[in-house]
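Enquirer: Could you have a look at this structure, given as structure tokens, before my questions?
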Amino acid sequence: MAIRYIFGRAGRGKSYLALEEIKQKLQEEEDNKLFLLVPEQFTLQAERDLIRKQELTGMMRAEVLSFTRLAHRVFSEVGGLTRVPINELGKNMILRKIADESLKELSIYQSIAKQDGFITKLNELICEMKQHDITPTELTMELNEIEEETILKRKLEDITLLYQRFNNYLKGQYVDNEDHVNLLIENIERVEFLEGAEIWIDGFQSFTPQIIRVIEKLAQKVANITITFTMELNAKEKDKDLFHITQKTYLKVKTIAQKFNLDEEVINLDIEERKVLPKEKEIAHIEREFNTYPYKQYADEIANLEIFAGSNLYSEMENVAAQIIHLVRNRGYRWNDIALVSGGLDQYSMILKRVFEEYHIPYFIDEKRSIMNNPMIELILSSIEILSRGYQYEDVFSFLKTGFSDLTKDEVEQLENYVLQYGIRGKAYSEPFTKGFEKKQIQQKDKEEGEKQIDEEKKEKYNELRMRFIAPFAKFEKRIYRKKKIGEITKALFEFMKELNIEDKLNQWIEELREEKYFEYVNENTQIWNKIMEIFDQLTEILADESATLKEYGRILEAGFLACKVGVIPSTIDQVLVGSIERSKSHDIKALFVVGVNDGVLPFGQEDGGILLDHERESLVKKGISIGTTLESSLLEEQFMIYSAFSKPTEYLWVSYALADQEGKAMRQSILIDRFKKLFKNLRIKSDVVNDVDRQLHLITTPISTFKYMTENIRQNVDDKAMADMWWDVYDWYSKEPTWEDRRKLMVKGLFHQNQITYIGENKAKSLYDNPIKSSVSRLERFANCPFSHFVTYGLRPKERKEYQLSNPDIGRLFHDSMEQFTKEMVNEEIQWKDLTKEKNDELVEKVIDEMVPDFEHGIMLSTHRYQYLVTRLKRISKRAMWTLTDHVKKGEFVPMGHEIIFGLEGDVPPIIIELANGEKIYLEGRIDRVDLLNDEEDGNYVKIIDYKSGSKEFSLSDVYYGLQIQLMVYLDAILSSEEKKHQVEIHPGGIFYFKIDDPMVKTTEKVVEEVEKEINKKLKMKGLVLKDVNIIKKMDRSIGRSSTIVPAGLTKDDEISKSSSALPEEDFKALLNHVRRLVKEIGEEMLKGNVKIEPFKKGGDTSCKYCDYIAICQFDNSFHDNQYKNIKELKSDEVLERIKKESQKKLE
């Protein structure tokens, strides 16, 4: 019996020698077993290497195993495994159950124990403790020695509690991977196949105490053990840190040899004549000097090392791809001669896939993938949540959108639209859908019979979809009714999946993926059913008789899924191997690309997110309890890992980093880059920031990738920027390739694309817009804001998906409707405004809103507590608003003439008719919230227009001038015209106002109610324009003084209108009305000419794009020459009037 040690620095050929020795042993006529033991994640690569090494017809005597697999081999021969084995999935589910049940007893971890990530961390910690032979008893003893009440002590109390309960749960019934190893230790001496066997252990930097005990047992059983150590046997002082962990591991193994008096043999590959794998000089220099202090500098010219700085992550990966193509084409490399590693593979993974596919580089990403985003897992978890949470929208459509339900994609979208529009959830799914199909809606007087029939058909369709969705759930719910055992729920869940025919649907989907050549996803999804069944098996094996609510069951199941990873097998051998730097184990490679060498990525930033922090682990080490790695050992391991990676290739090393991330935020280079600069005197960092011709030439690789660069460069040429002549040669190549003809033409068209269209023509405009044109004021204002926005709204007419929620316009409509109904109630009860009391005001508001709420938007106001509170708030605001308006009436002489007055072809008041130059007419229509009238024998007849606003609205004459705010003027015009014709008397404008519906908060030191009310009334003062006539103003507010609390006006002590008042004489009112009519005519004519120009206004810092829903459609970009704002200047009132007068004069001339 002997232990052999193979020593050598990275890349000296230790693994190569081990494989050579196994090959030679296989050629001998012996029957003893040969085993190569490697870390679990490297078994596949080691098997490949072993097969590739052999030139024999068979290798039955040789096996590649991990220590876990060795345990299974032992148990298959001698038995000894009387307990049920559980994997990481089972452990996670048990720990989730234990943590949930122990929540009230936990101290530090009570809140975070509910989080998903906690169970994974707890599992890792328990694994570490078992691997280091630490029991709950030892932790308890340590706790007894800690007298003071520290956070560490409280943490250890929680950990000990959970660890002990976990062990108690397993005791006598179940065995995990760590217990497997302990059982392996107990059974090694009983195994016959290890008699006379030879073992090679390769690829380990260190061994846990548990594995050291395995090696100790093996050393007493097998003929000999050979262990490789990546270290220099007689390391100099400057290298001792680098090999510190390996040195400690070697000394532990050596102790075993000495303890049992075993023969020892040392093979040192660092001796010149034993070197088996020659490397290029640059790589050899990195291996020798990268981690040494002091170091030797490399002064020769550099041919096989490149450091590259990409302008961003994507650019970095594009240059990597171009260099890989270069190596394959110009240096004769095969794809599998190349590997790529990164410290931040998650950050690069999606970019890498896109770029490598664009460059036609075959690749394999060596990673264990989480199954949490797989649609099968989404289906199972959402199914549980549908029942446990009561058919919430998110759960229902997470389930339906997996593609495994019995509804098609179109049907899911139809059902989703209905559910969102009418707020369907909970019990509503178990009853026929009726919302939107109520009798009073279907039988509206303006509905045709055909529409009624369509409604009935829709109702039947939606209910048919509802039944097809809910039927399997009804059976599932029935099966688990009053069932509390996890085994029973799991069985019901499996039956539910069978009923949905999930396995066949999954296989069908896999075939579709295979046909579309998505082999990566084929590989993943062919494993998913077995993984799910494995989790179900673990549940029924270890938790079947445990009780759980459906919600708890879902959390336990999710914990199992979180622990589950799938490994994807390479689809071909000749491809670039991609992996994370910490777990990547490749065959012998010629070229290595190390990407993402940025600060915090490589070396890794300090992650201190475990259950025990680094300083707490250090504290335990001082007390003799070593739980896994400490910060110091982690840094040493990382140093060794980086050293191993940089030393891996034999011919070429590329190291790159990004100067910015995908969002453009600056990124710093790693300290490793500075190290390279010091080691290599002639090193020059290349970059694509300086885009020289050589760098551009380097990127001309494949037709797909090059096409993009060609387009970018020709775009620069079109924009009068410098471009290398070679790009015209590239363009010439594409122009001669028939397969690229269509894309080339599209590219040329795109280069000269103008993001603008001005007119679509009169005929198209007439076909788009209904004739005769009946226009609202808001439509005209939208055109004035931007013709294209008007075209989309009233021409294309896109519809937003309706959702069961209140928007600001809905709330505004509710206010308007309630105020309209309020006035109707006053009429019904024959109450005059001047007679209305505060009590009656509040009573009517309560009544009106209570009657409106149940039917408003299908009862949305009663659907949640939040909306029910909003009803209370709406009542409060409405009471304040109505009482304020009542107060206005009481303080003035104007009397409300009408509310919600409709002017239009079918309205109470005729429309405003504007005749256009081509003979067409525009009929202006609208609804006026309130019109007040003053009939005075001395002063005449005056009208006051009030528009209610639920939000803030300032009145601006400048906006009126530009057509952005013509609503009040049009309303005034409609009333003046109709009333004068109707009564054959002259009607004068009294004022136009916005009234904000609000119950504002005020800051005041006053405690007298009347004074507070006065402050509130100031806040509710109407905004707009009043006639510049003292008598009329006083008849709007008899109590007016220096400032009115009703209208935007005030009087001086001489009883004159103050300068701060928003007031105009009647002739200016008329001038404004005429100007608005001219504007309407101009807008109408442009509308019918087909003006759809993308031309939003810009006024100061404000633009009409700010609240526009169509910015994604027009794609307006001010940096384009043909996309420019219509700049308008903010005008003062006198400037507006002066311009209007000048324009009127020109018209007359």
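Every residue, even glycine, has its Cβ placed from backbone N, Cα and C.
Fair warning: this is a prediction, and the values are worked out from it, not measured in the lab.
Sharing the feature lines straight out of Swiss-Prot:
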type	residues	note
DOMAIN	1-276	domain 'UvrD-like helicase ATP-binding'
BINDING	Gly8, Arg9, Ala10, Gly11, Arg12, Gly13, Lys14, Ser15	ATP binding site
DOMAIN	273-586	domain 'UvrD-like helicase C-terminal'
BINDING	Cys786, Cys1105, Cys1108, Cys1114	[4Fe-4S] cluster binding site
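Describe the structural surroundings of these features, if you would.
Expert: Sequence-distant neighbours of Arg9 (ATP binding site) (same chain, 6+ residues apart, CB-CB distance under 8 A): Thr230, Met231, Glu232, Leu269, Asp270, Glu287, Arg288, Ser647.
Long-range Cβ contacts of Cys1108 ([4Fe-4S] cluster binding site) within its own chain (separation 6+, distance under 8 Å): Cys786, Ser789, Pro1096. For the recorded site, Cys1108 ([4Fe-4S] cluster binding site), the DSSP three-state label reads coil.
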Enquirer: Can you tell me how many other Cβ atoms are located within 10 Å of the Cβ belonging to Lys14 (ATP binding site)?
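Expert: Cβ-Cβ neighbours of Lys14 (ATP binding site) within 10 Å number 25.
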Enquirer: How big is the Cα-to-Cα gap, in Å, between Lys14 (ATP binding site) and Cys1114 ([4Fe-4S] cluster binding site)?
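Expert: Approximately 64 Å lies between the Cα of Lys14 (ATP binding site) and that of Cys1114 ([4Fe-4S] cluster binding site).
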Enquirer: For [4Fe-4S] cluster, what surrounds Cys786, Cys1105, Cys1108, Cys1114 with a Cβ no more than 8 Å from their Cβ centroid?
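Expert: My list of surrounding residues reads Asn785, Phe788, Ser789, Ile1094, Pro1096, Thr1103, Ser1104, Tyr1110, Ile1111, Phe1116.
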Enquirer: Given the binding-site residues Gly8, Gly11, Arg12, Gly13, Ser15, find the one whose Cα is closest in space to the Cα of Cys1105 ([4Fe-4S] cluster binding site).
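Expert: Answer for the nearest of the binding-site residues: Gly11.
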Enquirer: What is the separation, in Å, between the Cα atoms of Arg12 (ATP binding site) and Cys1114 ([4Fe-4S] cluster binding site)?
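Expert: Each residue's Cα considered, Arg12 (ATP binding site) and Cys1114 ([4Fe-4S] cluster binding site) end up 63 Å apart.
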Enquirer: Averaged over the whole of the domain 'UvrD-like helicase C-terminal' (273-586), what is the pLDDT?
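Expert: Across the domain 'UvrD-like helicase C-terminal' (273-586), the average pLDDT comes out at 88.
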Enquirer: If I take the alpha carbons of Gly8 (ATP binding site) and Cys1114 ([4Fe-4S] cluster binding site), what is the distance between them in whole Å?
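Expert: The Cα atom of Gly8 (ATP binding site) is 66 Å away from the Cα atom of Cys1114 ([4Fe-4S] cluster binding site).
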Enquirer: Ranking the binding-site residues Cys1105, Cys1114 by other Cβ atoms within 10 Å, which is at the bottom?
Expert: Cys1105
Enquirer: What's the number of neighbouring CB atoms sitting within 10 A of the CB on Ala10 (ATP binding site)?
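Expert: There are 19 of them.
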Enquirer: Quick check for the class: what is the C-alpha distance, in angstrom and rounded, between Ser15 (ATP binding site) and Cys1114 ([4Fe-4S] cluster binding site)?
Expert: 62
Enquirer: If you draw a 10 Å sphere on the Cβ of Arg12 (ATP binding site), how many other Cβ atoms land inside?
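Expert: I get 25 for this one.
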